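Chemist: According to TrEMBL, the protein has these features:
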- 37-55: transmembrane segment (TRANSMEM)
- 67-84: transmembrane segment (TRANSMEM)
- 137-270: domain 'Palmitoyltransferase DHHC' (DOMAIN)
- 183-208: transmembrane segment (TRANSMEM)
- 228-261: transmembrane segment (TRANSMEM)
- 315-385: region 'Disordered' (REGION)
Amino acid sequence: MSVMVARKKVVRKWEKLPGRNTFCCDGRIMMARQKGIFYLTLFLILGTCALFFAFECRYLAVQLSPAIPVFAAVLFLFAMATLLRTSFSDPGVIPRALPDEAAFIEMEIEATNGTVPQGQRPPPRIKNFQINNQIVKLKYCYTCKIFRPPRASHCSICDNCVERFDHHCPWVGNCVGKRNYRYFYLFILSLSLLTIYIFTFNIVYVALKSLKIGFLNTLKETPGSCSQSLTVLTVLEVLICFFTLWSVVGLTGFHTFLVALNQTTNEDIKGSWTGKNRVQNPYSHGNIVKNCCEVLCGPLPPSVLDRRGILQQEESTAQEGPCPRGPSTQGPPATQGPGQAEESHSVLSPQVPVPSLSDAEMPEEKQRTPGELPVSSPDAGRAEH
């Protein structure tokens, strides 16, 4: 006989979150689904630094100072730590509205705008919000069913609204927003310093070797080996640093300019605070130091997603096996009576109350004599079971 058993399955909230994100380590790591360029970033940084530590650092530590590889290692570790912190964190995703909240917002919008005649375009869903005596418009997100907070925007790649959205960076494999912008800026700053450092000491290495054996012989020789393949790797390292130098250093300068103005990349591209129509940036303090302190040193808000919260779902499973009988089920008669049919039904559905039978209503086989011990009721048998 099969018995339905209810089991509770623990489900984390990150498993049910909408959007196009990937979660690892039980929801602790949050990234975008497109991670191919992020792996390329790791390969370029790790490969270039491995070549530098394997070849040039050993020669420079002996000829100049042992502090050269130490400082390079510090820059490398700091750049990797900030990269992983940017890539694996919640950038500031705003939760979508629940069905009840979305219905309430729709009712408010309909009450405000009134009924729109058929064939006419409804007015834009906008709310006015005042910040530092400046009117800021809050736009309605048709995907998340919310009025986005100031400076928030919907990322089309991750399909989420992100607070203080700056941009989606495929090189780090994540959005850059309020909760990870400072780590993104520190990453590109440290990567710029690391690239300049490696490129500079590559030139120093070539210059020192050229003084001893000549420039042409230096290109054919590498520390510890004269293999042509190692020479190609050294040249490849110089080329990677050269081309990375222009892009990363330029990106760092651009974001330094944005931090000084307390502005985001999204606002700069859209021209939100260009001064047209007398609209100024309400978030700027008018002081470079104050703007930098707010963006890079201000309090970091906690994540509002509760990714590792628990959702309990019940699963009903059928188990095959003999159904044990209580004291009241011993010696069943050949034919089922009305009371026995109710009893077998109550085993599968314990919530249904079973009416007790009086001595007069009991079958003739179960009526007790005055000197006979009482037989337990079906409810008692089930309780004991």
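Even glycines carry a Cβ here, placed using N, Cα and C.
Describe the structural context of each listed feature in the structure shown, including burial, neighbouring residues and relevant distances.
Modeler: Through the fold, the transmembrane segment (67-84) approaches residues 41-42, 45, 49, 52-53, 57-58, 60-61, 172, 183-184, 186-187, 190-191, 193-194, 197-198, 201 of its own chain, all at least 6 residues removed from its boundaries and within a Cβ separation under 8 Å.
For the domain 'Palmitoyltransferase DHHC' (137-270), the mean pLDDT of the prediction comes to 83.
Listed by sequence, the residues of this chain that lie at least six past the ends of the transmembrane segment (183-208) yet keep a Cβ under 8 A from its Cβ atoms are 45, 48-49, 52, 56, 59-60, 63-64, 68, 71-72, 75-76, 78-79, 82-83, 85-86, 89, 166, 169, 172, 176, 215, 218, 234, 237-238, 241-242, 244-245, 248-249, 251-252, 255, 259, 295-296.
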